[in-house]
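Just below is one structure, and these are the notes that go with it.
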């Protein structure tokens, strides 16, 4: 171990901590070391560790966050070499609630709580839960659906080693969890010190160039194809409007997906996306056979160490202004829109119902209502609903209750999802599902809605978007809205292709 690397806590402190713990089931002891960033960014650190050009690489992820409303999430996270990957769904021969598997797996880990200086994620499960998993949470929504993308319904990496980048102190924190069910504390400490030292060596190695992904020549001007087309989507809108007028639902959220061939490496799509569409939830998840690339604006649900559950309904959108005055005027216009306010309040009520199902009703609160949140290109109406879990409920129960968001399904939620399944006839996959993490601490989680998210598989980027349909929605306008939502990501691909064509040439 190099002299400049200090592992914390030291072994004597860790032994003392182990002796002080009354709970004999505690078996995870996190240790860590700091590394000044030295101008090393999280995405370059990820490239050094993930080795994307290596065909024998393991799954990995990069989670980042961009500043919104002058608030910056403190940490970015990198994960490599998971101890185990949970994959479920028909493609894996496991058609069951993935949260049951995850909860059982994570029940075998119990982290020592009094290790100071750790970020909100210091080890745990990271990945996605697809929209289609709702059939396990709400069996009434189950329908026979065509599986176009052939992806796992859930994909979760269990990572004992996490590299966190602290945006405040501009330093990396390399964390490894010692599992005393698998080794003694002393042996585990030495192994952890070696793992941390090896990671530091890779991050500080300037003897070789940064291993950017290999990028072949770019084929320009490729086109996309929708799975339903203009006529098909407008028919979806018309059908849902009939159900709304009959009183079956108040709102429904149909979607369409486009397939766009591209010769870009998926990480080069992500690099451009994080620049042109900075968002609270930026992620690149390498599942080896496919990749998930996203810039989501919207929290689905999170929980903290005090069992407080939070969800953020977002509904109502207006563009950013060219000047501060125009920006504020547009925000006032959005606040004053009766249609946007009515739809938003409906989703807040839905969120309150979801929270009430698993939280003490006396703790359920609308913490923020109809506030404006500003993003890079748009402004949204945002609210916050929270509550404290009842003693018999867990974070997994909270996730099931809130999933999927009303903004991607409708209201009443179950009936809307039944109608959506019958109309779309295909699995949605990652779109409208959740991307995020579940900590080993047994309490915390943080999951965003998989919006503005792309799936890259076999040289094709899949983009998907939907829109909320109410009784007076216009079919053509709704079709255009979904296309506009997808075009933000499509433009990212086009711009990245043009940039890389200048560097590596065109095919």
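Keep in mind that glycine also has a Cβ here, set from the backbone N, Cα and C atoms.
Residues or ranges marked as L-tryptophan binding site by Swiss-Prot: 65, 280, 281, 282. Positions annotated as chorismate binding site by Swiss-Prot: 316, 317, 431, 452, 466, 467, 468. Positions annotated as Mg(2+) binding site by Swiss-Prot, on the basis of similarity to another entry: 343, 481. What Swiss-Prot lists as phosphoserine is 81, and the listing cites a large-scale study or a structure entry. Taken from Swiss-Prot, the feature phosphothreonine covers 223.
Feature map: Swiss-Prot annotations on the structure.
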| residue | record | contacts (Cβ under 8 Å, 6+ apart) |
| --- | --- | --- |
| 81 | phosphoserine | 58, 60, 159, 161 |
| 223 | phosphothreonine | 260 |
| 282 | L-tryptophan binding site | 63, 64, 65, 66, 270, 273, 274, 294, 295 |
| 316 | chorismate binding site | 334, 337, 340, 341, 343, 344, 380, 381 |
| 431 | chorismate binding site | 131, 255, 257, 450, 451, 453, 455, 464, 465 |
| 466 | chorismate binding site | 253, 254, 255, 256, 408, 432, 482 |
| 481 | Mg(2+) binding site | 467 |
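Pairwise Cα distances among 65, 280, 281, 282, which the record gives as the binders of L-tryptophan, peak at 6 Å. Here the CA atom of residue 281 (L-tryptophan binding site) lies 10 Å from the CA atom of residue 452 (chorismate binding site). Among the record's chorismate binders, 316, 317, 431, 452, 466, 467, 468, no two C-alpha atoms are more than 20 Å apart, and one pair sits at exactly that spread.
Neighbours of residue 452 (chorismate binding site), defined as other CB atoms within 10 A of its CB across all chains, total 26. Sequence-distant contacts of residue 317 (chorismate binding site), defined as residues of its own chain at least six apart whose C-beta falls under 8 angstroms from its C-beta, comprise 334, 340, 378, 379, 380, 381. Following the DSSP three-state reduction, the secondary structure of residue 317 (chorismate binding site) is strand. Cβ neighbour count for residue 65 (L-tryptophan binding site): 20 (other Cβ atoms within 10 Å of its Cβ, all protein chains included). Sitting within 8 Å of the Cβ centre of 65, 280, 281, 282, and not among those site residues for L-tryptophan, are the Cβ atoms of 63, 64, 66, 73, 279, 283, 295, 296, 448. Its own atom aside, the Cβ of residue 281 (L-tryptophan binding site) has 26 Cβ atoms within 10 angstroms in the protein chains shown. According to DSSP, residue 481 (Mg(2+) binding site) sits within a helical segment. In the three-state DSSP scheme, residue 343 (Mg(2+) binding site) falls into the helix class. Taking only the Cα positions, the spacing between residue 281 (L-tryptophan binding site) and residue 468 (chorismate binding site) is 22 angstrom.
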